[in-house]
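**Q** Dumping what TrEMBL says about this protein:
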- 201-426: domain 'Cyclic nucleotide phosphodiesterase catalytic' (DOMAIN)
- His263: active site, proton acceptor (ACT_SITE)
- Thr265, Thr345: substrate binding site (BINDING)
- His343: active site, proton donor (ACT_SITE)
Amino acid sequence: VLQISITRGLFTCCKVTATLKRSKRLLAKTLNLTMSTQAAKDHTEGHKIPLLVDDHTVTTVRESKILVILRGLPGSGKTSLAKEIEQKFKDNSRLISADNHNIKPTIRPSDEGEYSKMDEELNTCCERREANLVILDDTHHDQERLNGLFDLANKYHFTVLILEPKTPWRLDCGQLKDRNHWKLSLEELKNLRPTLEKELVPLYFGWFVMKRDEDTLRKTSHDFLEQLSNFKPFRKRLQEYGYEDKHKLDLLKYFGKTPNILHCTTKYCDYGKVAGSEEYAKMEAVKKGYSKAYILHITALFVTPRTAGARVELTEEQLTLWPQDAEKEVMPKDTFPKGSRAHITLGTAADVQDVQTGIDLLEFIKLQQSGGEKEDLGEICGGKIYYYENGMWMLNLSRKIEVKTIFSGYYGKAGVTAPQRGGKKALLPTCEIM
């Protein structure tokens, strides 16, 4: 009897011990989830991601085409952040997660086709315009993989935002080992970390014009170029564009090379190769402004034998994102007010780079500063048209054009342009100044 009692007691003790162990594991898992959720909340409230907390940005994003790419190690809080963004924009967003496709984070995919279903879902979503805001939840540590996503964003005309969780343990592999649901080892996490430690620097930073305002600005630009092409004083000076007076110059075709997404560049970085670009990317104003919506004010349209552009007037807040040396970079011997080079390239002549547009704008400002002669040739297209010299024409608008933008970076290939447009189908019947 005594032996049976002892045996039963030991059995009961083992059961209690096992139950306590299971309870401990469950509690740890619950605490881990709670901490991860709280960390995501702390991230959005403490760091104030404009995409989530700024009312003007939220409104602008709802009517934009945005591809959010989340980067970070497994267990760092990406999924919590992704779900929070999805919930904020639940009426017009789509969350596509590598976890849902059972894709385990590795240095290089073991199966080249493991992303095929996820990519098919992403491509279909963009092609069919199923959502204005597409959120990709993956580690995004592989540059080749990222390049493919940037190409897709260009193809479907999406502005890219790259966001990372700012949880205290985001790079702490010791903590991440216990937090990631893939049960990755400490060594596996350490192998993934180097590519995610370094900040991803774009080709350039800038304000990207939202689709609706971009379409309006393109049409306004096209109408201006057509009217200028037919403007008698302009046709008398066609030799400055390499044409004889008797020929009509179609400026729409002449400036047929236009950016894929209209934008106002703040800092050209060349993916971090340009001196000072990494320092710019780490500026507090840049970090706070990233993903935030801004309204840019266009005061003039201008044309030279090389470029067609729009002059942008920056506010005090916007000037905090403008590099101190932006004007000196291209004209080191001259002095200009900060922000003078701010512009949107509308088109360039063949073999002319977009950077020339800002240089041409500074040439106009130099002439204005020196009191250089300009010829007032009356009004066209909602403003006063002036001729300066050497084929330089500027239309000072009677009302500023306002365009909604998102401050971000362009991470894709250099030299991507929009399909050439021309002919009357692309034009407004009259020039609209919004």
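Note: Cβ is positioned from N, Cα and C throughout, glycine not excepted.
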**Q** Whole-number answer please: how many Å between the C-alpha atoms of His263 (active site, proton acceptor) and His343 (active site, proton donor)?
**A** 8
**Q** How long is the line from the C-alpha of His343 (active site, proton donor) to the C-alpha of Thr265 (substrate binding site), rounded to the nearest angstrom?
**A** 8
**Q** Cβ distance under 8 Å to Thr265 (substrate binding site), same chain, sequence separation 6 or more: which residues?
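**A** Non-local contacts for Thr265 (substrate binding site): Tyr204, Phe205, Gly206, Asp354, Gly358.
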**Q** What is the number of other Cβ atoms found within 10 Å of the Cβ of the residue listed as 'active site, proton acceptor'?
**A** 24
**Q** For Thr345 (substrate binding site), what residues in its own chain, 6 or more apart in sequence, show a Cβ-Cβ distance under 8 Å?
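**A** Result: Thr258, Pro259, Leu262, Thr307, Ala308, Gly309, Asp354, Thr357.
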**Q** Using DSSP with the three-state reduction, classify Thr265 (substrate binding site) as helix, strand or coil.
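**A** Thr265 (substrate binding site) sits in a strand per DSSP.
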**Q** Within 10 Å of the Cβ of His343 (active site, proton donor), how many other Cβ atoms are there?
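**A** 23, counting other Cβ atoms within 10 Å of His343 (active site, proton donor).
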